[in-house]
Amino acid sequence: MVPEDDQNLTDDPSKLGHNVVSLFDQTQTRYSPKAAIVCGEHTLTYGALASDSDRLACLLLSRGISRGHVVALALDRTPDLIMFILGVLKAGATYVPVDPALPPERVNQMLDDEALRLVIVSPVSTKGGAGTGRYDYGNKAVCCTTSELQDQMRYQADKRPAVDIQPDDIAYILYTSGSTGKPKGVEIHHAAICNYALSVHQRPGCTDQDRVLFKSTISFDMAAFEIYVPLLCGATVVQAQAHDIRDPRALMHLIDRHSVTFSVATPTILQMMLDSGWCGTPGFSKLVTGGEALSPRLAERLTACVEEVWNLYGPTETTASVAAWKVQVGEDILIGTPNPNTRLYVLDADLQPVPVGSTGELYISGAGVARGYRNNPERTKAAFLPDPFWEGHTMYKSGDLACFLDSRRLAVIGRADTQIKIRGQRIDPGDVEASITAHADIANAVVVNRDERLVAYCIRKPGVGSAEVPLAKLLRPWLEDRLPGYMVPSFFVEVDRFPSTLNGKVDLRALPDPISTITPAKIPASTLTQQLLAIWTDVLGHGQIGMQDSFFHIGGNSASIIQIQTKLEKLLGRPVPVPKLYEHFTIANLAAYLSDQTQTNEVTEETKNPAGNDTTGEDIAVISMACRLPGDIHTPEELWKALISGTDAVTRVPEERWDADAIYDPDPEARGKSYSTGGGFVRDAMDFDAQFFGISPREARAIDPAQTMILETCWEGFERAGYGTKSLRGSQTGVFIGTGNSSVDDGQLSAAGTEKFEGHLGLGTAPSSLSGRVAYALGLEGPTMTLDAGCAASLVATHVACSALRQGECDMAVAGGVTFLPSPGLHIEFSRIRVASPDGRSRPFSADAAGMGLGEGASAVVLKRLSDAQRDNDHIHAIIRGSAVNHGGRGASMTAPSGPGQKRVVRAALAAARLKPYDIDYVEAHGTGTRLGDPVEASALAEVFSSSRDDITGPLRIGSSKSNIAHTQAAAGLAGLIKVALAMQHTMLPQTLHSSQPSPLIDWVGGKLQLLQRPMAWLPRTNDPTAPRRAGINSFGLSGTNAHAIIEEPPRAHSNANGADDDDNDDNARLPLPLPFLLSAYTSEALRQQAQKLCNHLSSATAQTKLSDVSYSLATTRTHFPRRIILAAQDKTELMGRLASIIDNGVPATADNNKTARVAMLFSGQGTERARMGKGLAERHLVFRNTVSHIAELFESVLEKPLLDVMWAEPESEAASLLRRTDYAQPAIFTLQVALWRLWQSWGVQPAVVLGHSVGEIAAAHVAGIMNLADACRLVAARGKLMHALPESGSMVALEAGVDEVTSAIEQLSARDRVSIASINTPTQVVASGEMDVIDKLAAYFEAQNRSSKILKTSRAFHSHHLDESMLALLRAVAETIVFQEQTLPIVSTVTGKLAEPGQLSSADYWVRQARNPVLFAEGMQTLADQGANCFVELGPASTLCGMGASCLDGDLSQTSKVAGREGAKNLVWLHSLNPKSDDALVIHNSLSDLHIRKVEIDWAAFFKDIGGRRIQLPTYAFQRHRYWLDGLRPIYSDKSSGQPSGQSPSGCPQPTGQIQVGWHTIDASSQYSNSTWGLLCPASDAPWMSPVKEALLHAGKQPVTVNQLAEAKAMSGVLCFWESDSEDDMISKASEQLQTVSRMKFSPWVVWVTRGAVGAGNMGEASLWGVMRSARVKYPQLCLRIVDLEGDVNIATATKLCSILMMSTEPECVVLGERVLVPRMQFQMQAQVQEVQKHSKLCVNGQETTNGATAAADPNGTDSFENKIRMAGPEERAMMLQGLVRGITAKALGVATAEEVDMHQGFMDVGVGSLGAIQMRKELSAQTGVKLPANLTRVYPDPISLSDALQKQVEGQ
């Protein structure tokens, strides 16, 4: 690398000649009132920091300290730490940071170098702080404590010290490890610090808006970044305290609490934070790492957490760092750009530059280089050399081996010496070795790094007295008194001699494994110690562990201690603080500590909290609420409206339930009668949207409405919280549902004739299914349980859910309760015991209370740990502070309320909430309205709360929602909680109805209680206005269970449901660009109603709503269902108009597009470029802007003018004219395309295949992973320069003609040597390139035939003979330096027009041919279509390729397609990224919306990062409910003979119109030759079909080797497993065993299962293997698994196809059928119009009638059998008959009324065909058709149309 190259052009005089003090003075003058340092609860402003440090400096000067003197700082991490540093510097002195924890010997070595004048120490801590440590500093100099100096500072005048500080003055001296056993003091001067800080301000960039974390010790060079970078630019330093340093979670809390935006850390610390669960923080935008190598894996994880990640490089001797590299995912991590005034050289032993690509030693020169080593001229002379390339400068010999990969990229590849870096600390092995050999018993020592652990190999002196003492016991204390802790080896290994190499040096690789030398003591066999041993073994990587071994002495360190913490917390289910792990560092101590903690917890629960309630856990946030209650209440908002308006929701018993008059009797003793005629009923309780949850009508009829009510309510709860199926499925979300009395009445079931529901009724009515059905339907994997606690059930469920969250059993939970009243059983029972209300109304605490009114309903809340909810920005409705559950014990009777029990449960809840009775404002009482229960409850409340009430606090207010909605039993407790949360939100307490006269049985005055007889404002407490509102909720069960919960008002910042900004709340402000408003549903009608609900919401919103919040929430918090629309609008008026159009006119047809897009990305070539292309995108999207800037920097060295100055120049300007030059145009096109791809990629859009036109193919190759970005840029630059250098006598013309016509014309003009075909763009458009005069003649030739031609605006002939061999050689030279990488995406080559084979584009020769040969774009488009591409996204400045591509694929191509999904050009989609006639962002946003409509998964959260928006509450899904429950059921207890109960029959269910489905499609599987070895795992070596398989493998270049077990094939390309078994169970067992073996072995070659007849004809055993394999590929994604089915006899042709399939790694499932290879493809089919088929009915096909069902089955071999009729029918008639049969039998399995309700294209699983239905269908279809079908019928054929197609092929003998 030539030292004068562009890499080293870093001169910047503005950053030179400064000192720290003067720069700080400038900063503090500007930012005096701003916070400079935040430490714990202390904040120091810039003004205060300047004033205090001035006083300290003046004090030091008065004590004789002056310029050039040295002051040692041995300080703890107190808030004044930085002030003391600045004070020393302002006095002109130099400071030496001393870690107070260092051993005395080390401190002595450091301070011996110095002529110390003063040592400043922290006062000795009484709490175990470092204080003055173990060293007597008074032996070296005058010693003062910080407190002494601060006392004296008070008497100093407030003035600036008059000291003339020079840039060359030494600011501080840092000591690092030395090779002789003595540390080296590195002298860093002021100018170096200032140049460094000013450089970082520029790159990576630090501003006065940043808050920078300071966590390093000041003796570590990274502290220079954390202190000086922020303080010299006006930023705020957030200083971590000592207890924060070791605990990553404490650091994470610190970052969150103080809104840190910027931090620097070693990779080790960052790994520890990630392992502790850190995933970034809002506002934390920049992360800098250094001190050790940053791995690509860690870099990738970090870039997912932070907007920018930078890697810094630089030794301590060069002031922290000398270069910065911005980390990009997928790119190498290099040294980066040198700092200003810094140069980097890679030199050989003669100090001469080495060539690019060669290795040398890295030397660093410039303003940051230290002055040398303190008082060590020999070492200084060896390491700090005069710079021969830069006069007057010194260069530092770094010891790092480095290599310039090209002129701008520099990488470190190793060390030239033995220096070691472990967890960011630099260690010279000689330093440690010298300290070891200083021991009298040690003759020699070698120290090495093994797996990030220091190992010392030692030879003892013979005959020493310590021979029996273990080496570690002898040396560890010795070294701990002499070396820092990080330099003490983890392992000490005693050897007799050191192994040597041939040249006599120690052979480090031959030294023994240190683990093998450890002899651990036996671990006792207790469960806990064995569990600890397993965890330590896993983390340390070895099992040589004894009970008393220190974790840190057997390989543990600060990074691995975090892994221990994580695993322990998972094991124990409770927090384990990191400091405790440092304190208890042996298995014995740790086991004792953990056991004590467990016992302490148990004792506390038994003695202090007998109710067993959590008193120490984290608060729980209620992040969503949902309900379905009497009075047509479907939302919490409707509940609040009913409560505040005083609505009475009680009605007479609906006739569809039972005849209240028929069972009425005023006598409570009348058997089978009830005196109660009313209650709280949910009008539509029996209605349900079964299709939404994938439940068939047949199953839905057998499901208790309690299950369907709670299922829909839980869904709405999650949806209101902003969580859809994508985030819920597979999550650790718990489900806790409360229930009470069974909904199901045996009499009703018997009357309904339930035999037709057998198989569904058990689950449909089981209480356990209440929770299980919710978890199953939503895919939740946390703890799931149904709790029966009577009327207390939902509050008990909430209590259990909170406990599960606190114990870490789940991350989120839904708690709910539900009751359904289908029969009068409870009315009769409660009438007999005289607690039922005659009219169904509850009158809580009223003088005329007459019993409870029974009701029904569902309520649910979604819960999270409060910290998690705040982290995730969830909307918090309320905070559950604590809860408790108990039982009243043995009282007067089981049903009598227990006053003592109620008091105990309230007090336990208060204890759990860490609150006192006076903290509670209101109690939502159980309040059923019984004459016994209400006084008992009031008395219990009075005893708990009355003593805490006074004239200031006022009485405790109580009320009950049962007065409005009756007693909803299992749902009641949560209904009360929801009421209280709403009351907190509205700061209003609703009245309790029917309570004009409070009960005289209650002492209201003495008990200091107040019944809310009217609505009352909930005002802040007089004695504490800042206290949040708090309330308790009572809920008691009839069997004696008591529950109480205490909830608290959330902070307003987390409870603002509106989400509107305070400074921008105009909900009809016009936006700069239209925003997308996403709506979706399962059906078109649901989608229309969804639009109606949104329209109503926006119209009736009481608070103004920002459109950006609406758009964001619709996109990111809603599940996106199959039918989709996107409405684009810029203001509310426009959005409302578009919604009205949907409401009035219905959903457009595009919403029903059920075809999933297969995306191909097209990268355009030169000629499409234009001025300002992409500039509009850069202004709006950060990813695009950063990518463009980054790539433009890579082109800087090869272009005369900065690329962006040309790309984004004003049109017609001089700079813009440069775009007409190829050397600018091609880099510009490439830059734009890669930035567009990164933008698409950031939004989650991934292409299935890519294609590039001309230079666009380089961008496509980069996207496909074939070359990295830097290499691609070099290739583009070379190509552009080459083509710009072409003769200007060339020309190009676009002709309206086919390639044969143009070729013929060239021949006729005798111009074959002067003109070439440059591009075949479409079948009828060809571009010719060549000599200008010939091009003109060619144009005239076609114009004479009335064919259009267009001379292109270029004076050069691209892709022609003008590119001669000499010019192409230049391109080849560059291409040969490219390091090609493994292809990650399919790419179509425009050199061949075909799909590129692996490695085809990975050669210089290819790219030379690509520049010269014609562009076969038209053929490439055909290949894309053959690959199933149906959605084409162009990445370029215009829509050129889309237009040409549409011409290529014009017409219906489905006849010739080889791949599924092609339905002709009319179904293809062409999308643009940019369009010159439209706003840049608008074009790409519209295209993104189109992809969403076509089911492409979009990361909408990423899209809105640049737009903004907050999560707000929006309307939930528009359920399409229908009546199912026991269809045909009549009310019992009825004297009336009227028939059907009201409601729709299932035949009113919506009819789906289409669905994505799987079909088998032929692909091209041409035989390919490749050298490889394949193992054959065969059932029998003499199987008749083995011979052709082996022969075909040999012909294809694949060596077959018979193996007996998988292990023999580990080194082969793969193994073919052939299956044959007579037993299905035996086959599945063996298959599962094999998969487990493959997983356990981490088997990397391909495992290909070969079955025979598993698909189609239905070999039952082998068909089952397909299901096993499909499950395995999901379960073991890391394995290479495939399956192939061979139909019919295996011959050489079949075997050859099998060999071809082995080369097609992208097809996991294939079927060989004769000469064809079939693969499954997703496709969309329109619904077939066939006649209804039902069993025992007639099938009408083309006017003919044939019997079906039982009649046909009676004579299966007769001429009238259905089987014979379909075999005799023609193809079209047969297809109709089979479709009708499948449709009818599917209708029967589903239980729908007519076959017309079956959508032939909707998946069996989607509509609810379960395993029972599939078995019945297979049985009936086989009986009707004579076709043997596979056992896994509905998996092989996922929908009716694919099943009927398969039947037809089987019948036709295919």
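Cβ coordinates come from backbone N, Cα and C, glycine included.
Residues or ranges marked as region 'Adenylation (A) domain' in Swiss-Prot (evidence: similarity to another entry): 24-423.
Annotated domain 'Carrier 1' per Swiss-Prot: 523-598, in sequence order, evidence recorded as sequence analysis. Within the model, the domain 'Carrier 1' (523-598) carries an average pLDDT of 75.
Following the DSSP three-state reduction, the secondary structure of Ser558 (O-(pantetheine 4'-phosphoryl)serine) is helix. Listed in sequence order, Arg246, Thr268, Met272, Arg423 are the same-chain residues six or more apart from Ser558 (O-(pantetheine 4'-phosphoryl)serine) with CB atoms under 8 A from its CB. What Swiss-Prot records for Ser558 (among others) is O-(pantetheine 4'-phosphoryl)serine.
Sequence annotations record features per position, and here Swiss-Prot assigns domain 'Ketosynthase family 3 (KS3)' to 617-1049.
Per Swiss-Prot, the feature active site, for beta-ketoacyl synthase activity maps to Cys791 (among others); the stated evidence is sequence analysis. When secondary structure is read from DSSP and collapsed to three states, Cys791 (active site, for beta-ketoacyl synthase activity) falls in the helix class. Other Cβ atoms within 10 Å of the Cβ of Cys791 (active site, for beta-ketoacyl synthase activity), summed over all protein chains shown, number 28.
Feature annotation from Swiss-Prot assigns active site, for beta-ketoacyl synthase activity to His926 (among others); the stated evidence is sequence analysis. Around the Cβ of His926 (active site, for beta-ketoacyl synthase activity), 31 further Cβ atoms fall within 10 Å across all displayed protein chains. His926 (active site, for beta-ketoacyl synthase activity) falls outside any helix or strand according to DSSP and counts as coil.
The DSSP secondary structure for His967 (active site, for beta-ketoacyl synthase activity) is strand. For His967 (among others), the entry in Swiss-Prot reads active site, for beta-ketoacyl synthase activity.
As annotated by Swiss-Prot, region 'Malonyl-CoA:ACP transacylase (MAT) domain' applies to 1162-1496.
According to Swiss-Prot, the feature region 'Disordered' maps to 1536-1556.
What Swiss-Prot lists as compositional bias 'Low complexity' is 1537-1555.
According to Swiss-Prot, the feature domain 'Carrier 2' maps to 1776-1851, an assignment based on sequence analysis.
Neighbours of Ser1811 (O-(pantetheine 4'-phosphoryl)serine), defined as other CB atoms within 10 A of its CB across all chains, total 10. According to Swiss-Prot, the O-(pantetheine 4'-phosphoryl)serine annotation covers Ser1811 (among others).
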Surrounding CB atoms that lie within 10 Å of the CB of His967 (active site, for beta-ketoacyl synthase activity), all protein chains: 31
Tally of residues which DSSP labels helix, strand or coil - the domain 'Carrier 2' (1776-1851): 53 helix, 0 strand, 23 coil
His967 (active site, for beta-ketoacyl synthase activity) to Ser1811 (O-(pantetheine 4'-phosphoryl)serine) - Cα separation in whole Å: 40
Alpha-carbon spacing, Ser1811 (O-(pantetheine 4'-phosphoryl)serine) to Cys791 (active site, for beta-ketoacyl synthase activity), which is rounded to whole Å: 36
His926 (active site, for beta-ketoacyl synthase activity) to Cys791 (active site, for beta-ketoacyl synthase activity) - Cα separation in whole Å: 9
